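Per Swiss-Prot, the features are:
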DOMAIN    5-90  domain 'MtN3/slv 1'
DOMAIN    124-204  domain 'MtN3/slv 2'
TRANSMEM  3-23  transmembrane segment
TRANSMEM  38-58  transmembrane segment
TRANSMEM  63-83  transmembrane segment
TRANSMEM  98-118  transmembrane segment
TRANSMEM  125-145  transmembrane segment
TRANSMEM  156-176  transmembrane segment
TRANSMEM  189-209  transmembrane segment
């Protein structure tokens with residue numbers, strides 16, 4: 001097994017492991033018959049991210065990207081369907097889901113019908129997916145600032161931080177090995193935000209085991 005194959009396996013293992021953290025929320029919803037205290041938007045944005053990268057993987061013919069995002073999109077769809085079943089705010093949830101579907105339709109028309117197949121199509125899709133992934137990695141920064149203000153790490157999940165670090169590192173190295181900056185660059189912020197979390201755990205006290213807060217998505 002060469003280094004690229006090793007990185008591919010690492011990307012699959014760590015990323016799928018991260019996606020399965022949503023199973024905790026799934027079990028919680030089934031046990032309580034309620035979607036209270038479970039965030040819906042992360043499921044939706046991660047699904048959108050997965051589908052975007054799945055399309056990118058199909059255009060590029062990258063089996064690792066395709067496999068990971070098929071699993072990711074499937075799991076997010078299960079989480080979304082479960083949330084829709086148990087939530088009391090069905091109108092809001094259906095509206096947000098419909099908005100996501102609309103965005104997907106517009107994106108598909110643009111990337112499939114407006115842009116001619118080729119390098120420009122792949123580059124624009126890669127750039128779009130990269131920007132979306134970076135925004136997802138940077139979105140928890142407001143929470144980190146709040147943690148620094150309150151000096152409490154109770155809202156952080158150490159296991160999810162570890163998973164994010166290894167997942168981001170694997171994809172960064174994988175993209176670097178392929179020379180694909182659309183894969184490498186958007187995963188770099190995940191490394192830095194994970195290091196910030198590790199520092200906060202060290203600075204503000206011992207690691208507090210808790211149920212992972214399902215927030216992030218990876219390609």
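Just so you know, glycine gets a Cβ as well, placed from its N, Cα and C.
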With CB pairs under 8 Å as the measure, which of the listed stretches 38-58, 63-83, 125-145, 156-176 comes out on top against the transmembrane segment (98-118)?
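The stretch with the most contacts is 38-58.
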Would you report the average pLDDT that the model assigns to the domain 'MtN3/slv 1' (5-90)?
94
Do the transmembrane segment (125-145) and the transmembrane segment (3-23) share at least 3 Cβ pairs closer than 8 Å, excluding pairs fewer than 6 residues apart in sequence?
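Contact criterion not met.
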Determine which recorded stretch among 38-58, 63-83, 156-176 has the most C-beta pairs below 8 angstroms with the transmembrane segment (3-23).
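Result: 156-176.
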How many helix, strand and coil residues does the domain 'MtN3/slv 1' (5-90) contain under DSSP?
71 helix, 0 strand, 15 coil
Using a Cβ cut-off of under 8 Å, list the residues of the same chain at least 6 residues beyond the transmembrane segment (38-58) that approach it.
19, 22, 25, 28-29, 64-66, 69-70, 72-73, 76-77, 79-80, 83, 87, 93, 96-97, 100, 103-104, 107-108, 111, 122, 125-126, 128-129, 132-133, 136, 182, 213-219
Taking residues 6+ outside the transmembrane segment (63-83), which of them lie with a CB under 8 Å of any CB in it?
8, 11-12, 15-16, 19-20, 22, 25-26, 29-30, 35, 38, 40, 43-44, 46-47, 50-51, 53-54, 56-57, 93, 97, 174, 183, 217-219
